[in-house]
Amino acid sequence: FAAVSVDCSEYPKPACTLEYRPLCGSDNKTYANKCNFCNAVVESNGTLTLSHFGKC
């Protein structure tokens, strides 16, 4: 069983696209796309993780 993960090594980015590919974070918040999620991961100092793909 592999853990669900997203590579956030290219982040943070100053601006995200409006692409809608939702991800659910460990904070039980739905992020619109990988960019928004990864920016939040960076802001959380790595405490935020991916719960699953799709809405929470």
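Along the chain as shown, the residues are counted starting at 1.
Glycine is no exception: its Cβ is also placed from the backbone N, Cα and C atoms.
These numbers come from a predicted model, not from an experiment.
In the three-state DSSP scheme, Cys38 (disulfide bond) is classed as helix. Annotation comment: Swiss-Prot describes Cys8-Cys38 (among others) as disulfide bond.
There are 17 other CB atoms within 10 A of the CB of Cys16 (disulfide bond), with all protein chains counted. If you look up Swiss-Prot, you'll see Cys16-Cys35 (among others) marked as disulfide bond.
Cys24 (disulfide bond): 18 other CB atoms within 10 A of its CB, across all protein chains. For Cys24-Cys56 (among others), the entry in Swiss-Prot reads disulfide bond.
Residues or ranges marked as domain 'Kazal-like' in Swiss-Prot: 6-56. Secondary structure of the domain 'Kazal-like' (6-56) per DSSP (helix as H, G, I; strand as E, B; remaining residues coil): 10 helix, 9 strand, 32 coil.
According to Swiss-Prot, the N-linked glycosylation site annotation covers Asn45.
Here the disulfide-bonded residues are Cys8, Cys35, Cys56, and the one whose Cβ sees the fewest other Cβ atoms within 10 Å is Cys56. When the recorded positions Cys38, Asn45 are scored by other C-beta atoms within 10 Å, Cys38 scores highest.
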